[in-house]
């Protein structure tokens, strides 16, 4: 009996080690912590697949547990006043420095858009709450976090439109005066899907007729910027990397556009482009916009264009593919020249690496001031891993450098 227990224990340990271990690049810091963290994400993803297969709950409904597990009730403290409000019908969380009597100082402001693939995430999650408080304390700034509606309940363009309405509302001079914000020192920022929304808002706002207050800066943290080519070198190199494997990113994209699984399968095969979107492939040609050192062993092959409408999903998914509000990298050069200065953070071990780097190239060519911070040992989501037990050293460095840039450029 004792020998049998020992065998069972060894077998369990071996299985656990086999499940947790992943061939993560040696130069990534705290590799075992990342493996352990990712084992939770993988387990939840497997459970979500099973749940969907059995018809119990859809995939994103199960994955939303990540959001629920991190949700908090934001509270004011001795230095920061926190309020939950609505701007033009959209829920927001406002973080403001507490004023002393007679304080009439105008402050900078950061409009922050959370990540989560347009399907997960919330400004009420503890890592976003912590980040907002750090920005308030270190910049003496007002932070506006937007609780936009999520897919698959609300497909594109609803999440984008929620964010755009909030930004438009906030930039009214009367509203800025109400919160003591300097109209000339406002940035929009976001991570991952939030970086996508921040880039899209920056592009569209400059075209708004009669818009008096414009953004001074945009800060994009490992942003997702295009859905036309899901086989760039970074998608291939990092297809099985922790936190955001290719499968999950493609699933996020497909759910953002439609719940039709045929569209997801087409995106996985990179055969989802319509004749309309194919005319814009020139803007995501990585052989042109990606520096040679990132080409590695990969050779450019233009994504397949499928003519059958059944390949493009339902609900206008094929039209959404070509919309710069969904894929900011598709904006023509004429729409880039007058954009605000940009900070773009990219990570080597991230399927979205090339999206960000191609945007850096295009913005610089358009004459936009760009600060590109690339983390050679970075992985997707690093900025949010700052809360125990998933606190990573690289997450702290990312946060410090990001806030330093905001402080110097607002």
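Note: Cβ is positioned from N, Cα and C throughout, glycine not excepted.
Sequence-distant neighbours of residue 192 (active site) (same chain, 6+ residues apart, CB-CB distance under 8 A): 115, 116, 117, 221, 222, 223, 224, 244, 352, 380, 381. Per TrEMBL, the feature active site maps to 192 (among others).
The active site feature in TrEMBL is assigned to 350 (among others). Cβ-based neighbour count (10 Å, all protein chains) for residue 350 (active site) stands at 28.
What TrEMBL lists as active site is 380 (among others).
Positions annotated as domain 'Alpha/beta hydrolase fold-3' by TrEMBL: 110-269 (among others).
Among the features that TrEMBL reports, domain 'Alpha/beta hydrolase fold-3' is placed at 319-381 (among others).
Residue density at residue 380 (active site): 27 other Cβ atoms are found within 10 A of its Cβ, drawing on all protein chains shown.
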